[in-house]
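For reference, Swiss-Prot has these:
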- Gly488, Pro489, Ala490, Asp491, Thr492, Gly493, Lys494, Ser495: ATP binding site (BINDING)
- 39-54: compositional bias 'Acidic residues' (COMPBIAS)
- 136-163: compositional bias 'Polar residues' (COMPBIAS)
- 169-186: compositional bias 'Basic and acidic residues' (COMPBIAS)
- 635-644: compositional bias 'Acidic residues' (COMPBIAS)
- Lys569: SUMO cross-link (CROSSLNK)
- Ser93: phosphoserine (MOD_RES)
- Ser97: phosphoserine (MOD_RES)
- Ser109: phosphoserine (MOD_RES)
- Ser122: phosphoserine (MOD_RES)
- 197-363: region 'DNA-binding region' (REGION)
- 108-117: motif 'Nuclear export signal' (MOTIF)
Amino acid sequence: MADNSGTEGEEEDCSEAERAGGWFMVEAIVDRRTGDTISSDEDEEDEGEDMVDFIDDRPIGDGQEVAQELLLQQAAADDDEAVHTVKRKFAPSPYFSPVCVPSIEHELSPRLDAIKLGRQSSKAKRRLFQLPDSGYGQTQVDTDTGPSQVQDGCETGDQNGRQQYKEGSGTKDGENGSQEEERAGGDGEESQPLSTETEKGACGVLSILKASNQKATLLGKFKEQFGLGYNELVRHFKSSRTACVDWVVCVFGVYCTVAEGIKQLIQPLCEYAHIQVLPCQWGMTVLMLVRYKRAKNRETVAKGLSTLLNVPESHMLIEPPKLRSSPAALYWYKTSMSNISDVYGETPEWIVRQTMVGHALQEVQFSLSEMVQWAYDHDITDEGTLAYEYALIADVDSNAAAFLASNCQAKYVKDACTMCRHYKRGEQARMSMSEWIRFRSNKVQGEGDWKPIVHFLRYQNVEFIPFLCAFKLFLQGIPKKSCLVFYGPADTGKSYFCMSLLKFMGGVVISYANSHSHFWLQPLSEAKMGLLDDATSQCWSYVDTYLRNALDGNVMCIDRKHRSLLQLKCPPLLITTNVNPLEDDRWKYLRSRLQVFTFSNPCPLTSKGEPVYTLNDQNWKSFFQRLWARLSLTDPDDEEENGEPSEPFRCVPGQNTRTV
């Protein structure tokens, strides 16, 4: 009989078992393939039972993955808690000051924190704050025996957690309440909440700092630590926006490591730093005298140090130092040499000036003559200008520094301006017109061009030679030739021409609007040249009635306020007008006293609105230098040969130099 194994024969004599057995026997026999290499480290008897569960082919939703996911979540929670514990140990919280650190014992074990080894005194003590009356008749002494309930930011989270726990389970609330009552002694007295214990720690300090007299608490702590008042070292700025370079900063509740690190962190921001670090029950107290590279206000300083020190701004005292207090300067100087201070940078000049022996010897008494000499050299006769400008040089001038330290500054300024005006008036009265023009020319810086003045006169159809002759007699003060009148319509440059000349000569302006006063001519007594601008018909009538002798160039009498009458020769006078005084018969007696020049053409302007012909001090200086001989002005070399002094005026006493 043929072998039908592995075929699909249909013979009836072949049973199902035989046909099926043939297939299974073939598969069972072929258990090893030809050419396969079996590793020596494998077990020949290994049937692969350990790889049965390698592929998870369980149906979804049988409930076993819930336990596995829960295990993973618990492991992750344990890891996070371990990391959080390490962080709390080595990295302080950025949201709380170290004054909250003592409350950690209470948070971890409130019952252990309630145990006290010492006795709590029942005597009444002086309180900085008055406790509110509870309404149950307890006295202040009774209230003092038990801690008061204070809710601060550092305990809010724990209290909220306990409250939610009690509200969530009513049965446990009752059980806990009975247990606490038994621990308290079983006398039925209601136990204090757990949050009341935190006030005994450093969190009570936060409640004090948040009170209305927070600054008083900090000032008291400062005096307790440093032995002197904070206000003795600083001056007060009412506004927090006022900028200053030097600041005195005291910070409370700083971590020890941060307090040591601020000595290096503050150096790139400032030019000078004086730092003192002292321990305190709130943490470390840092006192700094800082000179920043740029001026800062109180808000900027507070924000910067709050970031560096990790302390809220409410724990800081920030004020500028006293710059003129010798005790304050001596404190900073002496503490800088001790071992409790770390100093960086160059000592500020206000400390050096008040502590060093050399600078102390250089302090001199204020001399009014030096102030007058300075005002004379800078041509300052106004009191406000003198006070401000002289105060600016106090850092480089010892007399100015003594002036600022004086209590009579207003008197000194007034006296200095008065004396300076007297010297200027005497100097001007002594000079001739030639000397005065030379004196004014020496004060003008730069060189100009005299041609624009000549071109402007020609543009107005004014002959230059007749004008030059009249101007020569005008400067010499010849009788009836000492008044020049410039007549013409509006916008012809009359006032522009006269004002430029008056500015160069240092003259004065009188106005007919003040003619109702007896003293309106008083400025003419202190000038070499005057100007009456825009004379009207009423003004010409007044001049014809009262000022004929003034136009003559003779001696006249002038009334001065709070002074006696003064007799003087009227200085050369310029008058601008829109009325021709030579054409009106009412003023016929003024015709021989006036020299009139007519400006008939409008003053030309550029596209920018500036005059085409520039009339400034430099051009007038060039004009006088060019026409010095034509105007018959005296040569300065001739004046020195006649014995006139060539040295500048000096009002400060000194020693005469003698040649050996």
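Yeah, the Cβs are placed from backbone N, Cα and C, and that goes for glycine too.
Within 10 Å of its Cβ, the residue among the binding-site residues Thr492, Ser495 with the fewest other Cβ atoms is Ser495. Neighbour count (other Cβ atoms within 10 Å of the Cβ, all protein chains): 12 for Pro489 (ATP binding site).
Shown in sequence order, Thr576, Asn578, Phe599, Pro602, Cys603 are the same-chain residues outside Gly488, Pro489, Ala490, Asp491, Thr492, Gly493, Lys494, Ser495 whose Cβ sits within 8 Å of the Cβ centre of the ATP site.
Between the listed binding-site residues, namely Gly488, Gly493, the fewest other CB atoms within 10 angstroms of a CB are found at Gly488. Classification of Pro489 (ATP binding site) by DSSP places it in coil, neither helical nor stranded. For the pair Pro489 (ATP binding site) and Lys569 (SUMO cross-link), the C-alpha distance works out to 31 angstrom. Same-chain residues at least 6 positions away in sequence with a Cβ under 8 Å from that of Asp491 (ATP binding site) are, in sequence order, Pro602, Cys603.
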